[in-house]
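Step one of this worksheet: look at the structure below.
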Amino acid sequence: MAAEEGKDEAGLDQVEEEFSIWKRNTPFLYDLMISHPLEWPSLTLHWVPSTPIPYSKDPYFAVHKLILGTHTSGGAQDFLMVADVVIPTPDAEPGLGGRDQEPIVPKVEIKQKIRVDGEVNRARCMPQKPTLVGAKTSGSEVFLFDYARLSGKPQTSECDPDLRLMGHEQEGYGLAWSSFKEGYLLSGSQDQRICLWDVSATATDKVLNPMHVYEGHQSIIEDVAWHMKNENIFGSAGDDCQLVIWDLRTNQMQHQVKVHEREINYLSFNPFNEWVLATASSDSTVALFDLRKLTAPLHVLSKHEGEVFQVEWDPNHETVLASSGEDRRLMVWDINRVGDEQLEIELDAEDGPPELLFSHGGHKAKISDFAWNKDEPWVISSVAEDNSLQVWQMAESIYREDDEDEDDDDEGNQNAQHSNENQK
């Protein structure tokens, strides 16, 4: 027992030491770094997909919105939360003050709290109506809230969603809105089911049943995701190590492949390339796949220590993606760099493979969720079990060279495409 306590203390000391080193290096590693302590940890995080508005005190800053939740473990009432994030625009000049000549500091402010039953496992906004939020909690229902409708109204102690979406028997985390079909919401849970609702359909007493239930997984479904180019295709993944591709036109599986030896926790379709997707697994890797050949990965990204819980493609750069795991690290990868030579062999090998662009070490506990900001390239928000919410952007010097290379590649690809078309 004493040995275990000593081991725990040593682990905590190591976390504090690593955090201290990270903090000292922050000015050199980041162009933007906001760290905001939350009253309760949030398991979920999502940028509201609406146009940022100019900040009233300084036109060189803009207000972005974030959706968060609370994870109180029964210690208090739980809420879905809307936050304002004030960050500089790309045109902002360093040290620029507001109208009162006081320097404007990037910040996060919780603006709205909406009562929910149970902890918020995951919350996501409808792309076509950004104020409409789907929320999966520690119960089996999925709640739908229009936070604009509730804005300005007194906060109640009752959970009063616009809709209660039924169909699951257990809680879960998988939740995804279709960017093509307005109102289509997918959910995957521990009951091994995937439910699909059309929230624009007529509900009875604010209760809506699924338009279809998909079954085929043999264990907990960890995640669901829509294809980014084909409105009829979606994917699911779970603890049975299976990646499943489904087609709405037949409501059948297109592919079912065991792609990892341990649980698959997340999947993400590339927003630019219709064939490429990524999976995050408890085997400590992120794997990249071609939909035309799922039997073997295109490439495996390895640097995390422990389970990898999330992977998300950058909405602004085709070859860039990020992943997070139980090692408290959020890693940004650029697959354009796969195979690059490493000059300082020993030093570079310690830093990781050449495709590892950046490793964010600002959290002291497991990262629960993170999100790319589509309106501000290279800006990421992340939340962790240590109650921290961080909004950050790596230093331009880290990615600039890669941006230039990507522009050259894009031009080359376009020329090649024109050449192919001419040959046809």
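A Cβ is built for glycine as well, from the same backbone N, Cα and C atoms used for every other residue.
Annotated features in Swiss-Prot:
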MOD_RES   M1  N-acetylmethionine
REPEAT    167-207  repeat 'WD 1'
REPEAT    216-256  repeat 'WD 2'
MOTIF     233-249  motif 'DWD box'
REPEAT    259-299  repeat 'WD 3'
REPEAT    303-343  repeat 'WD 4'
REPEAT    362-402  repeat 'WD 5'
REGION    394-424  region 'Disordered'
COMPBIAS  401-412  compositional bias 'Acidic residues'
COMPBIAS  413-424  compositional bias 'Polar residues'
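Panel annotation: around the repeat 'WD 2' (216-256), residues 172-181, 186-190, 192-194, 196, 262-272, 274, 277, 279, 281, 289, 291, 294 of the same chain, lying at least six beyond its termini, place a Cβ under 8 Å from a Cβ of the stretch. Same-chain residues lying 6+ beyond the ends of the repeat 'WD 4' (303-343) with a Cβ under 8 Å from its Cβ atoms: 15, 262-263, 265-273, 278-286, 288, 349, 352-361, 363-367, 369-372, 374, 377-378, 380, 382, 384, 394, 399, 402-403, 405-406, 409.
Mean pLDDT, taken over the repeat 'WD 3' (259-299), works out to 98 on the 0 to 100 scale. Taking Cβ pairs closer than 8 Å, the repeat 'WD 3' (259-299) reaches residues 222-223, 225-230, 235-239, 241-243, 245, 305-313, 315, 318, 321, 323, 325, 333, 335, 338 in its own chain, all 6 or more past its ends.
Mapped onto DSSP classes, the motif 'DWD box' (233-249) shows 0 helix, 12 strand, 5 coil.
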